[in-house]
Amino acid sequence: MAEKEEGVKLIGSWASPFSRRVEMALKLKGVPYDYLDEDYLVVKSPLLLQLNPVYKKVPVLVHNGKILPESQLILEYIDQTWTNNPILPQSPYDKAMARFWAKFVDEQVTMIGLRSLVKSEKRIDVAIEEVQELIMLLENQITGKKLFGGETIGFLDMVVGSMIPFCLARAWEGMGIDMIPEEKFPELNRWIKNLKEIEIVRECIPDREKHIEHMMKIVGRIKAV
C-alpha cells in the first residue's frame with residue numbers, strides 16, 4: 001500500500017459532483033489523501049473560507065501547502081503531478097476537445113439542468129425538452145465508444161459522470177422525471193453501465209436514496225426563495 005504523500009488533502013462534500021470527480025482522479029492515480037467533508041450549503045466553515053475566499057465552495061485541493069480550487073483545474077493538476085494512469089488525452093486536439101465538452105457540461109448542462117428543477121408544472125415540458133437537446137449532443141459524442149476516454153476512464157468521463165447520471169439525473173428522478181430514457185439515449189445509457197463497472201466510480205458514487213433526498217431538499221430551498 002502506498003504511503004500517504006505529505007500534504008495531500010481534499011476539502012469536499014459527499015453530495016457534490018465536483019468533489020466526487022476529484023476523488024475519482026485521486027483514486028485512479030493511487031494517491032492517498034486526507035478528506036474533510038463540508039456541509040457548505042448550511043454553513044461555510046472558516047477553513048473553507050480561508051482556503052477558497054474567492055468562490056467559497058468545494059472542492060479545494062491542498063498539496064504540500066499549495067491551494068487549488070475548481071474541480072476541472074484540480075483534475076488537470078492531478079494529471080500533471082502524478083503521471084501514471086493519464087486522465088487527459090495525449091493529443092493536443094483531443095485534450096482541447098475534452099476541455100470544451102467538460103466546460104459545456106459544467107456551464108450549459110448544469111445551469112439549464114438546475115433551472116429545469118424549479119420550473120413550474122406548466123413549463124416543465126419545455127424545460128425537459130431544452131435539457132434533452134443538450135444531452136443529445138453528448139449522446140452523439142459517445143456513440144461507438146466504450147468511454148469518453150476510450151477504453152479507460154478519463155477526464156470527460158469523470159466530469160460528465162459525476163454531474164449528469166450521478167447527480168442531475170437523481171434530482172430529476174426525485175421529481176418523477178426520467179431525463180435520460182434508454183429509448184432516447186441508448187449510447188449514454190450503455191456508457192453509464194460501463195462507468196458503473198469501474199471500481200473507483202462505484203466507490204465515489206453517493207448512496208442513491210440518500211442523494212436523492214439531499215437533492216430534493218436543495219430543490220425545496222431554491223423554490224422557497
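Cβ coordinates come from backbone N, Cα and C, glycine included.
Database features, via Swiss-Prot:
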BINDING   Ser16, Pro17, Val43, Lys44, Lys57, Val58, Glu70, Ser71  glutathione binding site
DOMAIN    6-86  domain 'GST N-terminal'
DOMAIN    91-218  domain 'GST C-terminal'
MOD_RES   Thr152  phosphothreonine
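Cβ-based crowding with a 10 Å cutoff singles out Lys57 as the top-ranked of the binding-site residues Lys44, Lys57. Lys44 (glutathione binding site) and Thr152 (phosphothreonine) have their C-alpha atoms 36 Å apart, to the nearest angstrom. The predicted model assigns the domain 'GST N-terminal' (6-86) a mean pLDDT of 95. Its Cβ placed at the centre, Pro17 (glutathione binding site) has 25 other Cβ atoms within 10 Å. Each residue contributes its Cα atom, and for Ser16 (glutathione binding site) and Thr152 (phosphothreonine) those atoms are 23 Å apart. Local packing around the recorded positions Ser16, Ser71, Thr152 was summarised as the count of other Cβ atoms within 10 Å of each Cβ; on this measure the leading residue is Ser71. Among the binding-site residues Val43, Val58, the residue whose Cβ has the fewest other Cβ atoms within 10 Å is Val43.
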